[in-house]
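Going by TrEMBL, these are the annotated features:
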type	residues	note
TRANSMEM	B:9-30	transmembrane segment
TRANSMEM	B:116-134	transmembrane segment
TRANSMEM	B:146-165	transmembrane segment
TRANSMEM	B:171-194	transmembrane segment
TRANSMEM	B:206-226	transmembrane segment
TRANSMEM	B:232-252	transmembrane segment
TRANSMEM	B:302-323	transmembrane segment
TRANSMEM	B:354-371	transmembrane segment
TRANSMEM	B:400-417	transmembrane segment
TRANSMEM	B:424-442	transmembrane segment
TRANSMEM	B:448-471	transmembrane segment
TRANSMEM	B:483-501	transmembrane segment
Amino acid sequence: MSRDSLLDSHLRKRTVSQPERDLSTSEAECHSLPKPSQTWFKWDIERAEWNILIVSTMLKLLLYPAYRSTDFEVHRNWLAITHTLPISKWYYDTTSEWTLDYPPFFAYFEKLLSIPAYFVDSRIVDLNNLNYGGWSVIAYQRTTVILTELVLGAVLIRFIRGAIDPPTQRIISASIFLHPGFLIVDHMHFQYNGFLSGILLWSIYMARQGNKLASGILFAVLLNFKHIYMYLAPAYFIYLLRSFCMTPSGQPEIKNFVSLANAVIGVFLASFGPFILMGQIPQVLSRLFPFTRGLNHAYWAPNFWALVTAADRVLLFIANRTGLKISINESGVASTSRGLVGDTIFAIIPNVKPIHTFIITLAFQLVVLVKLWRNPTYKSFLTALTLCGYTSFLFGWHVHEKAVLLFLVPLSLLATERHAYFRTFVICSVAGVFGLFPLIFTPGESIIKVLYSICWFALVYVPLYRQVYEYPRSLVFVVMDILEKVYLAGFPFLLVLTTLIPAYTNRRVNQKVDDSSRMDFLPLMMTSVYCAIGIVWGYIRLLFVYLNEEKTYQGQLSTIR
Amino acid sequence: MHKRGIRAWIIPLLVFTSTLVKFCISLGSYSGHSTPPMYGDYEAQRHWMELTLHLPFRLWYSYDLQYWGLDYPPLTAYVSWICGVIAHWINPTWVALDASRGIETEGSKIFMRSTVVAWDMLVYVPALLVFSRVWHGNRSGRTQELALLTLLFHPALLLIDFGHFQYNSVMLGFTVLAMNFFATGQDLAGAAFFTLSLGFKQMALYYAPGIGSYLLARCVFLGIPGPGFKHFTRLAITTISCFMVLFLPFYLPPFAPSFMHILNPISRIFPFNRGLFEDKVANFWCASNVVLKWRERVSRSMLVKFSAGLTALGFLPSVGVMLNSGWRMRMSAASNVAEREQEDQEKQTPFLPLLPYALLTSSFSFFLFSFQVHEKTILVPLLPMTLLLSGAPVDSSVYAWGVLVNNIGVFSMWPLLKKDGLGFQYIALLILWNRIIGYNPLRLPSGTLVQLLSLVTYTAAIGLHVLEFFFNPPSRYPDIYPVLNVLISTPVFVLAWLWSIKCGVEVGWAIGGPGPASASPTSASTTGDSIGRRAGSVGLGAGEEGVVMEGSFRQKGGRAVSLGTSQVNRRKKVGVKSRMGEEWM
């Protein structure tokens with residue numbers, strides 16, 4: 001595109017967006033009226049949307065025979081538990097090692113799914129039929145993932161309809177629906193993140209439409225499906241308290257507060273009620289919050305602690321080389337060589353306790369929350385929400401790499417606000433998705449995850465890039481821009497390295513040259529550290545942008561009150 | 001998509017996504033998965049890598065024939081050898097002689113699957129890219145992209161090559177390359193590539209009458225005796241020397257014991273001692289066998305003669321039309337010598353549009369009537385069918401026939417795919433392909449034969465699937481479902497064959513009119529209007545009367561052509577647009 005037409009499109013955007021804004025705000029008000037019940041059940045799907053749905057579903061259908069992790073068996077076991085046992089034994093059963101450790105709504109959800117499962121093949125819900133891998137169970141469970149993901153699709157379509165700039169929102173919606181994270185974690189690895197993110201986005205959508213009560217209720221429901229969403233709870237708490245339970249001038253709105261409190265308590269009662277009656281709450285909580293795990297997950301999630309752990313390894317290496325007299329923690333040395341398994345113990349850096357991670361997380365979240373309290377708009381809420389999830393991912397105790405989806409999904413909604421957001425989105429998405437790659441390690445599926453992610457990236461990046469492009473304004477920005485580009489360009493090399501190292505060692509092992517099992521951990525560590533750099537940088541960017549919001553042109557979402 | 005500035009990205013993205021889909025299919029099961037002692041086609045191909053890698057040439061066609069002895073032409077053997085060398089370099093146990101039989105490790109599976117994708121990328125995908133440029137050269141970029149989309153996601157080929165496991169795309173790719181060279185007037189290169197196609201898989205013989213008659217018509221067109229004869233000699237020398245080179249190691253003494261050793265591969269490649277048909281295949285013999293029980297009534301040698309005769313009868317019409325067109329063009333062209341010389345330089349062939357129809361007719365006649373046909377062989381007629389379909393607007397009968405034959409072609413392979421465990425892939429690819437080309441049988445031009453046929457066949461096919469899903473076959477007729485499948489598919493194929501003959505005749509007329517008296521395309525180029533009208537109706541598969549206008553036509557009377565086209569294109573755009581689904585993003 002030439003300069004002229006670029007400018008032209010910018011101008012057009014500015015001029016066109018003015019009346020559109022007014023229109024959309026009035027539309028948003030309309031939506032908050034008691035009208036939704038009519039619009040929700042309308043088949044309001046355009047042809048392009050059907051295309052995306054059908055094509056992506058067929059692709060997922062092709063992935064049925066793909067690699068599946070133990071999470072598949074976890075969910076099968078939960079189907080069996082909820083189907084065969086009475087509710088009083090759900091959280092006590094230990095037939096399989098994969099005990100039920102999600103909140104009650106998810107258990108009810110599994111109960112619901114287990115009913116058709118019984119008719120499809122009764123062996124699916126047989127409690128003692130551990131590791132059942134028949135054709136029927138694969139087809140059934142994979143199909144439930146695809147079907148429940150329709151919640152996500154439906155919500156994303158709603159997002160397009162009331163959007164300020166529908167064509168752009170359509171790309172964002174499509175990018176979330178087709179996110180490689182979902183493909184890797186849900187359709188190969190096996191989980192229900194698409195469905196759960198659907199509920200999250202539904203809640204966010206309600207906030208956008210001004211229906212904050214519904215937003216709060218939906219989030220409470222979500223929390224009862226999967227408690228990892230507690231990472232986002234602080235933002236919800238502050239936002240609803242400030243903007244729903246108080247007037248803009250700061251007067252309390254008692255009626256709103258009571259209705260919200262009642263609704264949320266009602267949701268929790270519906271979920272935990274039976275277990276309160278049976279007096280099983282301590283048991284349920286002990287299942288939900290097992291505090292017996294280490295700082296890092298088996299494969300280090302690409303967060304702050306991955307960098308610290310890597311720094312520790314490097315320091316240990318230097319200490320050993322130079323023979324410096326530093327107090328070296330012997331169990332930490334052992335932890336290094338074990339690499340993958342077990343708790344992480346540092347050799348040089350002082351050890352980290354859960355309370356430390358908790359304090360750091362809270363401190364960073366507080367910064368964000370103060371800003372949200374002062375400026376409780378939709379866009380501010382969305383950013384704060386993203387940052388809350390982000391902070392927990394970066395500094396939390398025993399974080400899974402899969403948790404990256406928690407903030408990538410809301411971050412996508414911000415992608416086209418301005419170039420600063422877009423660049424953050426690009427860096428975080430690339431690093432985050434790449435950080436998910438080690439979940440899938442079988443060669444056939446690895447090719448697919450890489451090809452799919454590249455396709456997705458091209459389809460998202462190319463059309464959005466031009467819309468938000470801004471010239472860097474000073475030398476600092478130019479340097480930053482170049483460094484970021486260099487960082488992004490490093491990913492192909494990282495991919496080649498992480499592919500070649502195991503291939504090389506395999507070859508050596510096959511030819512009985514040596515068996516260097518130490519090398520196994522190297523690609524994982526490289527991936528983790530390299531992605532962590534991008535993710536930490538993305539965090540700094542987003543935090544900075546949030547705290548120093550531009551005054552002149554803020555992006556379209558700022559118009560939503 | 002175009003609006004968003006992705007235009008330059010569409011073709012790379014198409015190739016990229018099709019590769020993704022191929023790898024996704026590869027995740028599934030394959031022919032003969034964990035069924036010792038013989039396994040299936042997958043093991044055959046792997047075994048060939050093993051034996052070509054470890055044995056000298058003279059043993060290639062004679063080593064342990066009982067266990068998947070090599071029975072494809074030499075090019076397959078060479079390709080296997082290259083794959084074998086790479087496999088040996090990565091992990092020698094994958095191709096260890098004898099010891100690796102039936103190996104089913106994860107790594108070896110990925111390697112085998114990747115080789116198919118790699119050869120496909122090397123031969124078939126480039127062939128299609130060039131095809132969409134050359135054969136749809138005068139159409140819009142969008143149509144070319146759409147043609148590529150249609151061809152890249154062709155479900156039958158994807159299922160067989162990447163699911164069932166074979167290397168058909170190499171054979172088909174060489175044929176498409178040959179067609180591309182014919183379209184640009186480089187007959188010798190085209191003939192050489194067709195020889196490669198034949199040298200990869202003898203199945204390409206199904207195209208031989210079509211290609212042969214085209215080249216012969218070219219010679220006639222150039223004028224016999226004279227330039228035509230010279231051309232004929234050149235073609236003959238090229239083809240024969242290509243074959244000589246391909247078979248070189250099998251008769252030349254240093255490699256082979258004697259010249260007569262050539263009989264060894266030949267007898268392996270053409271096995272006439274097998275049955276009339278294997279399994280259940282949707283052709284004339286198998287379908288009529290339900291009632292007539294051929295094998296009990298007629299002796300084998302009689303059957304061979306029968307089938308040969310019927311096959312020849314089947315493709316004769318297209319050969320006739322082709323030669324007749326060549327002859328008529330020569331007559332009319334002779335009246336304008338100066339222009340003909342100019343055309344010789346540009347190597348244009350007015351009857352080029354007949355080529356895909358001729359290939360379709362001849363391959364269908366082989367499929368329906370010849371000896372020893374597999375259900376997978378439907379891929380051979382499906383290729384020209386899909387090439388024709390690729391540029392056709394949604395409301396044309398070429399489109400309707402093309403999609404119908406493709407869908408039923410995939411359906412006819414259902415028993416095979418079911419046996420391979422590719423049920424999900426079958427459903428997914430059929431829906432995917434029909435969706436992306438925007439097919440809806442209910443929205444075909446109503447009241448036409450093809451719509452009626454489509455609706456009836458689809459209903460029957462879906463009904464059969466439902467029956468099969470819910471009920472086991474009765475013990476008295478264990479084969480009832482495959483037989484019903486054959487009975488549903490065969491009529492469609494027979495009608496498609498007849499349709500292809502009809503189209504061939506119509507196109508033949510449209511090119512030069514029914515008699516030699518009518519004006520030749522070149523002399524008509526002075527009257528821009530008439531050419532424009534023609535060019536408008538043209539393009540591959542634009543209609544039964546379609547004539548392809550090549551790039552050089554455009555250079556000559558280019559402006560007039562494009563002006564004339566616009567009207568007709570406007571009509572087409574409506575169709576194209578709805579096919580593309582307006583916008584993807």
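Using N, Cα and C of the backbone, Cβ positions are placed for all residues, glycine too.
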**Request:** Go through the chain and flag residues at least 6 beyond the ends of the transmembrane segment (B:302-323) whose CB is under 8 A from any CB in it; none is fine as an answer.
**Result:** 209-210, 212-214, 216-217, 220, 272, 276, 284-285, 294-295, 351, 354, 357-358, 361-362, 364-366, 368-371, 497, 500-501, 504-505, 508
**Spatial neighbours of the transmembrane segment (B:354-371) far in sequence, C-beta under 8 Å, 6+ residues away** = 175, 179, 182, 205-211, 213-214, 272, 276-277, 283-285, 303-304, 307-308, 310-311, 313-315, 317-319, 321-322, 325, 377-378, 380-381, 383-385, 387-388, 490, 493-494, 496-497, 500-501, 503-504, 507-508, 511, 540-541
**Request:** Determine which residues of the chain contact the transmembrane segment (B:171-194) at the Cβ level, with the cut-off under 8 Å and only residues 6 or more beyond its ends counted.
**Result:** 120, 123-128, 130-131, 134-135, 157, 200-201, 203-204, 207, 211, 214-215, 218, 231, 234-235, 238-239, 242, 346-349, 352, 355-356, 359, 379-380, 383, 387, 548, 550
**Complete:** Counting only residues at least 6 beyond its ends, the same-chain positions whose CB falls under 8 A of a CB in the transmembrane segment (B:232-252) are 57-58, 60-61, 73-75, 187-188, 191-192, 195-196, 199, 215-216, 219, 224, 258-262, 264-265
**Request:** Could you name the stretch, out of B:116-134, B:206-226, B:424-442, B:448-471, with the greatest number of CB pairs under 8 A to the transmembrane segment (B:146-165)?
**Result:** B:424-442
